[in-house]
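Participant: Pulled these from TrEMBL:
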COMPBIAS  1-18  compositional bias 'Polar residues'
REGION    1-27  region 'Disordered'
DOMAIN    40-301  domain 'NADP-dependent oxidoreductase'
SITE      Lys104  site 'Lowers pKa of active site Tyr'
BINDING   His135  substrate binding site
Amino acid sequence: MNSIEATHTPDASGTTPKQTDHIPNLKLSDGNEIPFLGYGLGSANFKRGDKSHFDPSVVTATLTALKAGYTHLDGAEAYSNEKELGAAIARSGVAREKLFVTTKTSCRAGETIQRAFERSLENLGLEYVDLYLIHSPFFGEPVGDASILQAAWADMETIKASGKAKSIGVSNFLIPHLEAILATAKFPPVINQIEYHPYLQHVTPEGGDLVKFHREHGIALSAYSPLTAITKARGGPVDEVYARLARKYGVGEGEVGLRWVLDQGIVALTTSKSEERLRGWLGKLPKFKLTPREVEEISEAGRAGRPYRGYWNNWFEEGDWR
């Protein structure tokens, strides 16, 4: 373990956070910082059915996270709960400058990104967001006309220049999509939010390595569904490693799974409606750190197991683990 007194600010190079008495921030390429652990409003808080209906349970869940100490809140217009997120922020009493708020656009056909962004601000009841992301309009498909992505990114850069989004990034982008943007970007994306866990490490038999590409270009990574090996894909070789390391460090397997992400210098987004569990993550994660060999052991176990993708399977052919 590293000394608890040894502190520094990790960045997108993949430098891992030192062990401290708190969970540090990650420094983005534009100089802004993002908390390493965030509360996601997707998954369990995703609004289904009547999306226009205001759901008080989402407000309650978000207030629980804020009460537990979470300051990084990850939303999206696609979750259909930006109004609930905004209501929770307003009711929490937490000063706006102490929060890191993310939302995303889904690139609706026939609508400008600027219009989508203004609607998100209105729904959130905020004057600005800390991070605005654009979902890939291609997902698993080839880039096609690169000018489509480049024009979309130019719109994102205009939003950043306005100051209403402190940082801008992408979500679910693959290497070709990133290459298209980087070819003309004035402000490169600071982060890419992707599904990431031991059974989906985005390494292909042909040698493609999405994480390595990000390291080489100074783009940070944010992992959603980081606990998939526990919540959805039990029965694989990761189970034994998680259980053994949990016993070693006196924590739960969830803490081991989240620590595996953090110890790679990757932001972890997770969710729960249990205040006890949320507080447990914030309280236990700073108290231990996996060794580099343990991080690699989990990675090796994940690669040895059956690959698993929890989202967007309709966009990827079987065996495509980009």
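Backbone N, Cα and C atoms are what each Cβ position is placed from, and that goes for glycine too.
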Participant: Can you check how the pLDDT averages out over the domain 'NADP-dependent oxidoreductase' (40-301)?
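Facilitator: The predicted confidence over the domain 'NADP-dependent oxidoreductase' (40-301), as a mean pLDDT, is 93.
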Participant: Can you name the residues of this chain that are 6 or more positions from His135 (substrate binding site) yet have a C-beta less than 8 Å from its C-beta?
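Facilitator: Spatial neighbours, sequence-distant, of His135 (substrate binding site): Ala76, Ala78, Lys104, Thr105, Ser106, Cys107, Val170, Ser171, Asn172.
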Participant: Across all chains shown, how many C-beta atoms besides its own are within 10 angstroms of the C-beta of Lys104 (site 'Lowers pKa of active site Tyr')?
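Facilitator: Step by step: centre on the Cβ of Lys104 (site 'Lowers pKa of active site Tyr'), count other Cβ atoms within 10 Å, giving 26.
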